[in-house]
Structure formats: C-alpha cells, structure tokens
Amino acid sequence: MFLLLPFDSLIVNLLGISLTVLFTLLLVFIIVPAIFGVSFGIRKLYMKTLLKIFAWATLRMERGAKERNHQLYKPYTNGIIAKDPTSLEEEIKEIRRSGSSKALDKTPEFELSDIFYFCRKGMETIMDDEVTKRFSAEELESWNLLSRTNYNFQYISLRLTILWGLGVLIRYCFLLPLRIALAFTGIGLLVVGTTMVGYLPNGRFKEFLSKHVHLMCYRICVRALTAIITYHNRKNRPRNGGICVANHTSPIDVIILASDGYYAMVGQVHGGLMGVIQRAMVKACPHVWFERSEVKDRHLVAKRLTEHVQDKSKLPILIFPEGTCINNTSVMMFKKGSFEIGATVYPVAIKYDPQFGDAFWNSSKYGMVTYLLRMMTSWAIVCSVWYLPPMTREKDEDAVQFANRVKSAIARQGGLVDLLWDGGLKREKVKDTFKEEQQKLYSKMIVGNHEDRSRS
C-alpha cells in the first residue's frame, strides 16, 4: 500500500474541498435557477463587462494602426460592389443609350452591346454574389478577442496581447470545463428524466412532468453555452395544433426556442448518442421522427405532419423550412412542404449577436464536435427571439406564396436580407432552370418588343 505524505494529503484535501465548492456553486447559481427559470443577472453583467473590454481593445487597435499609418481592416458588410435594384430591361436600355442614340423600342432584335450586360453581371457574381457569402461566417466590425474572428490581426501592443492571452486562459481553462459539465448534466437529466416520465400512463400529469423536464434540461443546456436570450412578444408563442417556423442558423436554434416553449420536434432518426436522446424523448412527448428511408417520401412526411396538427391536443411542431444553416445575415427560400398542411403558422425570427461568438454552423467545414467546441470556447451566445403574430394561408394563395409571405415577415423583423435563393445551393450545383430563367427574360424582352412593332 502507498502511504500519503502530509504534503500530498494536504493537496488531496484541498483538491476535494475545491471540487466540493465548485459543484456547490454550480448547483446554487446555475442548475437550481435553470430548473425554476430564474436568473441572478450574472450573465448580463458578464455581457456588459465584455462590451467595455471590446470597446477598449478596438480603441487600442485604432490608435496602434494610426501610429503605424496603417488602415484598420473593416469588412464590407453590404458587399464590395454597389448594386442598384434595376431590371434587366432597364440596364440594357442604359447600355444601348450610352452606345448610341437609339431607344430600345426602335432597336432590332439584338445588339452586340447587349453582351456587355451579361459579361458585367457574370463578373459581379464571381466577385460578390448574394448566395455564397451566406454560407461562411459573418465578418465583424471590430475584434472580439477571439483569434478566429479576426482576419487581419497583427501585434498592436503588449497590453492587448496580454489581454488576449488572459481571455484564452479564461475561456479554455475555466469556461470550457464548466460548460462541458453543464452540458453533460443537461443531456444526462434529459435522457433519464424523459425515460422515467415515459413509463407513466398517458394523461395530464405525464404531460405536465414531460413539459417541465424538457424545459429544465434545455435551460441547463442554454447555460452550458452562456446563452443570453431576449424574448419579445411572448403573447404570440406557438400553441397546440400549430406549426412554429423559424430562420435557421445553428443546431442550437432548437435549444434557444425549446428553453422558452414546449415543442414537438421533427427530424430523422439517428444512431449513437443522438439516437439515445431521441428514443428517450419520444417516450415522454409525441415527437415526429422519420427513418432514413421515409425522409425522401414527401407524401408520407406530409401525411404524418398533417395527422399531428389535426390533433389540437398535440404540441406545436418546430420546423426550420430553409433546410440548412445560414449565417444569420439573411433568410433563404422556405421549402413549401410545411405550408401545404393548412395549419396555423407561428413565425419566429432569431437574430444572433456575432460580437460574443459566431453561432453559425458551417457544416461543410466543421463537424458537430468541432462546432460545439467552438461554441463552448466562445465568450457567450447572445441572441434575440421575436414571436410574430400567427399567420394562415389565404384563399387565393398557394403554398409557395404563403411560404414567401412568412419568410418576408421573419426577415423584416430580424433585420435580415430576404433572398429567394434555395439554401440547397450550399451543397448542390446551380440548376439549369436558373440559367434558363435569365435567357427567358432576355428573349421575352426582345421577342416581345418585336411582336409589338409587328402588330402596330
């Protein structure tokens, strides 16, 4: 047997006391408040302190750049090309006017100068298109002391470098272990709690317990990300028998919304840890999980969703119609499937503040584990959530028009760019129909004018 020396025994005792104090503080200041949905204001104080530090760091960088006669890097938030919203016909008219005095309606079917319009548009798209930049992290106006968010960082001063190093120590040596412990606590309680609730007979008591177990666990997971969330217009929160649709930036969108409401999730059945969580959750709550073979069957998916929303006693379904993660600067095309069902739609706009950490998941660049590690080593996740008034499909409106109307409302409320492009372009090639659409517009302009002249 090994005998501990007095000094070694002292170290072991101190370590034991430290861990006891740490877990007591964790329980009192984080887990218990999460269970009851209360906050002591520590996270908001932390956020205000960070803002002051960021402001000071930005001033130091600007001063250092001025002393060295260097221009401080500023991202082009509105794109590198100034674009006016004009139609194809108007732009070609302008090109023809600048080349000759002929007007469009007196011009033959085709002019060689028309080529310049398509060449210019092609060059603009290569340099700064609307779609590709939505699939990469949003650039910041000022550095937030995270090396991965600063694309042009150079040594400025000793104090700023020390501050950055201190930030690395705090994030990796204190916040990361704390957040991992909270994440395991939240996930563990979710699996155990929902499994136990699943054995209870169906009824109000089971529903009550299931709701509070879900809320408790999601709130603990929210604290594992140091998420500071502001909810607006809670009177518009989704109700039973409806569909909640939101813009999609990250997998944590689910946790953000589920920590303030009780939803039925929709998704594909997974294996591993995710599969264990899914099987436990579905025992306590009627979530809608699909097998891999069923996901591609659009009619089967629509049928399952319709059956769910027709039962007004069932929870609102949470759906992200974009189908992929966008970098929270815009909202892209909504898939029409969830708008064909005929249920009341509850739009929700989610807007993250990238100053404290980039919530966007670039799935083509980072795996889930790497992404979660980046989240847990960020300063915090700060976001605003707006619950919009419920919307229903109008009589003269098809599913696509309804989806676009909901999308526009979300984009307007969240201060996001409303785009018609499909988020599927993140992984797929541009369809020929997009190219043909431009050809049709041009041919319609030429042939249309020619036919009008023939009739006259």
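Cβ from N, Cα, C; glycine included.
Of the listed segments 104-109, 248-253, 362-367, 428-433, Swiss-Prot assigns motif 'HXXXXD motif' to 248-253. Residues 180-200 are the range that Swiss-Prot records as transmembrane segment, among 180-200, 369-389. The helix, strand and coil residue counts that DSSP assigns across the motif 'HXXXXD motif' (248-253) are 1 helix, 0 strand, 5 coil. Looking at ASN327, ASN328, ASN362, the glycosylation sites in this record, the fewest other C-beta atoms within 10 angstroms of the C-beta turn up around ASN362.
In sequence order, PHE320, GLU322, ILE326, ASN328, VAL331, ALA349, ILE350, ILE410, ALA411, GLY414, LEU416 are the residues of the chain that are 6 or more apart from ASN247 (N-linked glycosylation site) and have a CB within less than 8 Å of its CB. For the motif 'HXXXXD motif' (248-253), the model's average pLDDT works out to 90.
Here ASN362 (N-linked glycosylation site) is positioned 8 angstrom away from ASN327 (N-linked glycosylation site), judged by their C-alpha atoms.
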